[in-house]
Amino acid sequence: CGENVHKDLSLNVCTSGSATSCEECLLIHPSCAWCAQEVLTLNSRCDFSQNLQKRGCDDPFIENPRSGSSLLRSKPLSSKGSGVTQYDVIQIYPQKISLSLRPGDQTSFEVQVRPVEDYPVDLYYLMDLSLSMKDDLDTIRNLGTKLAEEMRKLTSNFRLGFGSFVDKNISPFSYTAPKYQDNPYKLFPNCVPTFGFRHLLSLTDKVDRFNEEVQKQLVSRNRDAPEGGFDAILQAAVCKEKIGWRKEAYHLLVFATDDVPHLALDGKLGGLVHPHDGQCHLNDKNEYSAANMMDYPSLALLGEKLAENNIFLIFAVTKRHYVLYKNLTALIPGTTVEILDQDSKNIIQLIVNAYNNIRSKVELSVWDHPEDLNLAFTATCQDGQPLTGLRKCADLKIGDTVSFNITVDARGCPPKGTRKGFIIRPVGFKDRLEVSVDYRCDCSCTYYTKSNSSRCNSAGTYSCGMCHCEPGYLGARCECEEGEVDHQHLSACREAEGKQVCSGRGECSCNQCLCYESEFGKIYGTFCECDDFSCARHKGILCSGHGECHCGECKCHAGYIGDNCNCSTETASCASDDGKICSGRGSCVCGRCQCTEPGAFGDTCEKCPTCPDACGTKRECIECRLFNTGRLADNQTCQRMCKDEIITVETLKTDDSNTVQCVYKTENDCVMKFTYSEHANGQSVLTALKEPECAVAPNAMTVLLAVVGSILLMGIVLLAIWKLVITIHDRREFARFQSARSRARYEMVRFDPSTALRLIQMIEIIYL
C-alpha cells in the first residue's frame with residue numbers, strides 16, 4: 001500500500017491498530033511508520049509516514065525500515081561446459097544474495113539460468129531382469145557402443161554405468177521353497193536366484209565394459225507381478241561413491257521395466273514393518289543387503305533423495321503401464337516417462353529423446369524454505385513474456401537464458417537475532433542460489449530505552465518517544481493511577497456520541513480505554529473497536545491460514561487474495577504441457593482452470609474435441625508421432641506434448657457420433673484422415689490411417705493416346721453426323737424430284753411432246 005491509501009482515519013489500518021510500541025507498529029502493516037519524537041501531539045504515533053510528517057514529526061525520528069536485497073556472489077553465466085574447469089561452469093546467476101525483510105514488505109530479485117553446451121553426462125542404466133525381460137536383455141547386449149555414439153553427438157564427456165534388480169527374495173514376493181533357491185524356474189535352465197538390486201558397473205567412459213557386463217547377465221524370476229524397482233532406484237541414488245556420480249555432470253538414471261513397482265507398505269505383506277531409512281546398503285559384493293529387512297521406499301523419500309543428488313529419473317516402460325508411471329512423474333520432481341517397445345528396440349532413441357526433453361526445461365526448486373516466508377515466482381521464458389505464478393520454462397534450446405523474478409514476503413518476526421535462509425536450485429542442476437534472510441523487526445530508537453525515566457514520572461520506561469507505565473499506572477506520562485474514573489469525561493472513551501463506552505469491550509480509566517481480555521484473541525484500538533479474530537474464515541480457519549486479521553479485515557500474505565485469503569495467485573497448476581495457461585482456453589482462478597471455451601475440459605482445459613483448433617492441435621501429434629515431421633519434430637517436444645493413444649487402421653470408420661472427424665492436406669498434396677475422441681478414463685485417442693491417401697499420377701503416354709483417340713473419335717462422329725445430314729437431305733430432294741417428275745408426266749398428256757421434252761431437260765439440268 002502506498003502512503004496515500006486510507007487517508008480517512010476510520011480506514012487507517014495504522015491508527016486503528018493496537019500498537020503500543022514501535023515494534024508492534026511495524027508489524028501492523030508495511031506502510032505503517034512510528035514517530036519517536038518526544039514532544040508531539042498525535043492521536044497515534046503509528047501512522048503513514050506522510051501523515052506523521054504533516055503533523056510535525058521530523059524525518060530523523062520516523063522509524064520506517066524497508067525490505068531490500070544485496071548481491072554477495074555474482075559470477076557471470078558460462079556458455080560452454082567443455083574447455084574450462086568444471087568447477088568454473090556457472091549456470092545460475094547470482095550465486096548468493098542477502099535479503100533484509102520487514103514483515104509484510106515485499107522485496108524481489110531476479111534469477112537467471114542458462115543450460116550450457118557440451119555439459120558432462122553420467123547415465124546409469126537400471127534394468128529389470130525378471131523373466132519377462134529376457135528378450136529386452138538380448139536387445140541391449142551391444143547397447144553401450146551405440147548409445148555412446150549417439151550421446152557423444154550431444155556431449156563430449158559421457159559415462160555409462162549398469163545395474164539390475166528383480167524383487168525382495170521373501171514370500172510372498174518370490175519363490176522361497178528350497179527347490180527354488182538355485183533356480184526359481186525349472187523350465188528355464190539359465191535362471192538365477194531372485195535378488196533385490198545389484199550394482200554391476202560403476203560409471204565409466206569405457207563403454208566396452210558395459211557391453212561385457214551385459215553379456216554376462218542372466219534373468220531371474222519373482223512370484224507376483226510388481227517388481228522391487230524402487231529399492232534399486234533409491235540405492236542407485238544414495239550410493240553415489242560406489243555408483244560414481246560426478247558433482248559436475250548431469251545425472252541420468254534410466255529405469256527400464258515392463259511392470260509396475262512395489263510401493264511403501266507393500267513390504268508389510270512379507271513382515272517388513274521397518275520403513276526405509278534412505279541410506280546406502282550395498283555390501284562388498286555391491287548387492288542390496290537390506291532388501292529383506294526394510295519396507296519399500298515411499299514416493300516422498302524417493303523424490304527427496306533424487307532431488308538431493310541432482311538425478312533425473314527416466315521411466316522407460318511399456319505402453320500398458322504408461323499411464324501409471326505418467327501419474328508418478330507428477331509426484332516425483334525431475335522425472336519423465338517414455339514408452340519402451342516390448343523388446344527394447346527403441347531404447348537408444350528413447351534415451352536421446354528423454355535427454356533432449358530434460359535439457360529443454362528449466363524448473364526452479366526451493367530447499368529449506370522457512371515457514372514464515374512467502375515466495376511468488378514469475379517466469380520469463382524465451383518469448384520474453386512474463387508468466388505469473390510459473391517457476392518453469394520449456395521448449396528451450398541449449399544456451400538459451402531464462403529469468404525468474406522471485407518476490408519474498410515475511411509474515412512475521414522470529415526470535416531476536418535469528419537468521420534464516422533458503423536455497424533455490426534448478427531441478428537436476430548442481431548450481432544453486434544461496435539466500436540468507438535478515439529480519440528488520442527492531443527499531444533503532446529502542447537502543448535509547450530508559451527505565452524509571454523522569455519523563456514518565458519515575459513510574460514507567462521511556463522508549464521511542466512514549467512511556468510504558470508500570471502496573472497500576474496509566475496516562476501518557478504515567479500520571480494516573482489505575483481505577484481513577486472521571487465520569488464527566490467518559491466521552492473520551494466513546495468512539496461517537498450515543499455509542500457504548502469502549503465499544504462495550506473495555507472500561508474507561510483515566511480517560512482511556514482498557515480493553516478486556518478475550519479467549520478468542522486480542523481486543524485493541526483506542527475505543528476497543530478492533531480485534532484479531534472477527535475476520536472471514538474458510539473451512540473454519542481464520543483468513544484461510546494465508547493472512548492476518550486486522551480489525552475485522554484479512555490482510556493476505558503474498559500470493560493470496562480474496563476476502564478470506566483463500567484464493568491463490570499461483571498459476572503453475574494451470575500451466576498445460578505447451579506452457580500456456582489453461583491451454584489458452586480458459587483463465588486461472590485461485591490456482592484452478594476455469595475453461596471458457598465451449599466444450600473444453602480437463603485440469604488445464606487441454607481436452608476439447610469440439611474446439612475449432614482441436615484438429616489442428618492433434619494434427620501436430622499425428623505428424624510427429626507417425627511420420628516424424630511437423631513443428632514438434634524439430635524441437636524434441638513430441639514425446640512430451642503428445643501423450644495421446646494413437647491407433648492406426650487401414651480404413652477409417654466415420655459413423656461414430658462421439659468422435660471428431662479431421663482431414664488435412666500433407667506437404668505431398670496427399671490427404672490424411674483421423675478421428676479424435678476422449679475416453680471416460682480421460683485418455684485422448686486418435687485413430688488415423690496408416691498412410692495418407694494419395695492420388696496416383698497418370699501415365700503421360702496414356703494421357704497422350706487418350707487425347708489423340710478422343711480427337712479422332714470426335715472427328716469420326718462429326719463426319720458420321722455430317723454424312724447422315726447429307727444423306728437425309730439428298731433423300732428429301734430426290735423424293736421431291738420424283739414427285740415433280742410424276743406431275744410432269746401428267747402434264748405431258750396435255751402438252752405436245754416437244755414441250756414436255758424441253759421441260760424434262762430443264763428439270764434435269766436444275767437437279768444436276
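Any Cβ shown, glycine's included, is placed from N, Cα and C.
TrEMBL: automatically predicted annotations, no manual curation.
Quick look at what TrEMBL annotates:
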{"type": "DOMAIN", "residues": "21-443", "note": "domain 'Integrin beta subunit VWA'"}
{"type": "DISULFID", "residues": "Cys35-Cys46", "note": "disulfide bond"}
{"type": "DISULFID", "residues": "Cys464-Cys502", "note": "disulfide bond"}
{"type": "DISULFID", "residues": "Cys469-Cys478", "note": "disulfide bond"}
{"type": "DISULFID", "residues": "Cys508-Cys513", "note": "disulfide bond"}
{"type": "DISULFID", "residues": "Cys510-Cys543", "note": "disulfide bond"}
{"type": "DISULFID", "residues": "Cys515-Cys528", "note": "disulfide bond"}
{"type": "DISULFID", "residues": "Cys549-Cys554", "note": "disulfide bond"}
{"type": "DISULFID", "residues": "Cys556-Cys565", "note": "disulfide bond"}
{"type": "DISULFID", "residues": "Cys588-Cys593", "note": "disulfide bond"}
{"type": "DISULFID", "residues": "Cys590-Cys638", "note": "disulfide bond"}
{"type": "DISULFID", "residues": "Cys595-Cys605", "note": "disulfide bond"}
{"type": "DISULFID", "residues": "Cys608-Cys611", "note": "disulfide bond"}
{"type": "TRANSMEM", "residues": "700-722", "note": "transmembrane segment"}
{"type": "DOMAIN", "residues": "723-754", "note": "domain 'Integrin beta subunit cytoplasmic'"}
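Annotated features taken from TrEMBL, shown on the structure.
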residue : record         : Cβ contacts under 8 Å, 6 or more apart
Cys502  : disulfide bond : Cys493, Arg494, Cys508, Cys513, Leu514, Cys515, Phe527, Cys528
Cys556  : disulfide bond : Cys543, His546, Gly547, Gly562, Cys565
Cys593  : disulfide bond : Cys574, Ile581, Cys582, Gly586, Ser587, Gly602, Asp603, Thr604, Cys605
Cys595  : disulfide bond : Cys582, Arg585, Gly586, Phe601, Gly602, Cys605, Cys608
Cys611  : disulfide bond : Arg585, Glu597, Pro598, Gly599, Ala600
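Comparing the disulfide-bonded residues Cys464, Cys515, Cys590 by how many other C-beta atoms lie within 10 angstroms of each C-beta, the top residue is Cys464. Listed in sequence order, the residues of the same chain lying 6 or more apart from Cys549 (disulfide bond) and placing their CB within less than 8 Å of its CB are Gly521, Asp531, Asp532, Phe533, Ser534, Cys535, Leu542, Cys543, Lys555. Here the candidates are the disulfide-bonded residues Cys35, Cys478, Cys554. The one whose C-alpha lies nearest to that of Cys510 (disulfide bond) is Cys478.
Of the candidate disulfide-bonded residues, Cys46, Cys554, Cys590, the one lying closest to Cys469 (disulfide bond) when CA atoms are compared is Cys46. Comparing CA positions across the disulfide-bonded residues Cys35, Cys464, Cys478, Cys588, Cys590, the one lying closest to Cys554 (disulfide bond) turns out to be Cys590. Cys46 (disulfide bond) and Cys478 (disulfide bond) have their C-alpha atoms 20 Å apart, to the nearest angstrom.
Spatial neighbours are here defined as Cα atoms within 10 angstroms of one another, and by that definition the neighbours of Cys35 (disulfide bond) among the disulfide-bonded residues Cys464, Cys588, Cys590 are Cys464.
Cys464 (disulfide bond) is 47 Å away from Cys588 (disulfide bond) when you measure Cα to Cα. If you count neighbouring Cβ atoms within 10 Å for each of the disulfide-bonded residues Cys35, Cys528, Cys565, Cys605, the highest count belongs to Cys35. Other Cβ atoms within 10 Å of the Cβ of Cys554 (disulfide bond) number 24 in total over all chains.
Neighbour list (Cys478 (disulfide bond), Cβ cut-off 8 Å, at least 6 residues apart, same chain): Cys456, Asn457, Ala459, Gly460, Cys467, Cys469, Glu470.
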